[in-house]
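J.: Features from TrEMBL:
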- ARG15: site 'Transition state stabilizer' (SITE)
- LYS22: site 'Transition state stabilizer' (SITE)
- ARG153: site 'Positions MEP for the nucleophilic attack' (SITE)
- LYS207: site 'Positions MEP for the nucleophilic attack' (SITE)
Amino acid sequence: MQKYAVIVAGGTGTRMGSAIPKQFLMLHDKPVLYYTIRTFLNAFDDLRIVLVLPEEYIDMGREIIDAYFDDNRVQITAGGETRFHSVQNGLRLVGKDAVVFVHDAVRCLVTIDLIHRCYENALETGSAVPAIRVRDSVRQLNEEENTNEVMDRSRVVLVQTPQTFHSRILLPAFEIDYKERFTDEATVVEAFGLKVSLVPGDETNIKITRPVDLLIAESILKLEMQSQDN
Ligand SMILES: Nc1ccn([C@@H]2O[C@H](COP(=O)(O)OP(=O)(O)OP(=O)(O)O)[C@@H](O)[C@H]2O)c(=O)n1
Ligand SMILES: C[C@](O)(CO)[C@H](O)COP(=O)(O)O
C-alpha cells in the first residue's frame with residue numbers, strides 16, 4: 001500500500017507571535033519542522049511526504065529538506081488561506097490508492113508508534129483519528145443565558161493528528177466547499193457522510209501553539225534524548 005504524509009506547515013502562527021512562523025523556530029538545535037519530517041520518514045521506508053508551506057517560506061523549507069533529508073521523498077507545495085485549504089492543496093499530490101496521514105507540522109513530537117497505530121487502524125477500518133482523554137473537569141458555556149454547566153468528561157476527548165484515511169475516502173471528502181467547522185480531517189469526512197474511528201493518541205503529541213508549548217516541547221525532547229543515550 002502506498003503511504004503519503006501530508007504535513008501541513010502553511011500557517012503563520014499568530015498565537016505564537018514570533019518573527020517567523022513557529023514551524024521554523026529552533027527546538028534544541030534544529031527547526032521544529034525537522035523533527036516532524038524525520039519521524040515520518042523513519043516510520044516507513046516507502047512513505048512519501050507532501051510538505052505544505054506558506055508561499056513566502058517555500059525557499060526556507062526547501063533549505064531544510066536539502067540539508068537533512070532525501071529530497072526524492074519530499075514534495076513541496078504552497079498552503080492556502082486556512083488549514084483546510086492547505087490540506088486540500090497537499091492532497092492534490094497524493095496517489096489514488098494510498099493510506100494518507102494528515103499531520104500538523106507543529107506536532108513535532110509525534111512518535112513512530114503512533115504513526116504505526118494510525119496506519120494499522122486505517123487499513124482495518126478506513127480511518128484513524130488519534131485522541132486522548134481530558135484530565136481536567138469540563139464545563140459547557142451557554143451563551144444565551146450567560147450560564148455554564150458541567151459536562152461528563154468521560155464522554156469528551158481531545159483530538160490530535162496524524163488523522164489517517166484511505167485516499168478513496170479523503171480525496172472525495174475534500175472536494176467539499178469550506179465551512180468554518182472544518183478544523184480537522186475528521187469534520188470533513190463526517191460532512192462527507194462517514195463515521196471516523198478513534199485510536200489512542202499520545203500525551204506528548206502536543207501542538208506547539210503558544211510560547212509555553214515550545215518550552216514544554218524542549219523539555220520532552222530533552223527527556224527523550226536522555227533516555228536514548230541510556
Ligand atoms: N492556512 C494554514 C493554517 C495552518 N496550517 C498548519 O496547520 C497546523 C495547525 O495550525 P495552527 O496551530 O493553528 O497554526 P497556525 O495557523 O500557524 O497558528 P495560529 O492559528 O496561531 O495563527 C500548523 O502546522 C499550521 O502550519 C496550514 O498549513 N495552513
Ligand atoms: C487538527 C488539530 O490539531 C486537531 O486538534 C486542530 O484542530 C488544529 O487546530 P488549529 O486551531 O488550526 O490549531
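Backbone N, Cα and C atoms are what each Cβ position is placed from, and that goes for glycine too.
What TrEMBL says about a protein is an automatic prediction, not a curated fact.
From a predicted model like this one, the values you see are computed outputs, not experimental measurements.
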J.: Work through the recorded sites one by one (ARG15, LYS22, LYS207) and name whichever has its CA nearest to the CA of ARG153 (site 'Positions MEP for the nucleophilic attack').
T.: LYS207
J.: For the recorded sites ARG15, LYS22, ARG153, LYS207, which residues place their CB under 6 A from an atom of ligand 2?
T.: LYS207
J.: Cα distance, ARG15 (site 'Transition state stabilizer') to LYS22 (site 'Transition state stabilizer'), nearest Å?
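T.: Each residue's Cα considered, LYS22 (site 'Transition state stabilizer') and ARG15 (site 'Transition state stabilizer') end up 9 Å apart.
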J.: So if I draw a 10 Å sphere around the Cβ of LYS207 (site 'Positions MEP for the nucleophilic attack'), how many other Cβ atoms end up inside it?
T.: 17
J.: For ARG15 (site 'Transition state stabilizer') and LYS207 (site 'Positions MEP for the nucleophilic attack'), what Cα-Cα distance in Å is obtained after rounding to a whole number?
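T.: On Cα coordinates alone, these residues lie 12 Å apart.
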J.: Considering the recorded sites ARG15, LYS22, ARG153, which residue's Cβ sits among the greatest number of other Cβ atoms within 10 Å?
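T.: Max Cβ neighbours within 10 Å, all protein chains included: LYS22.
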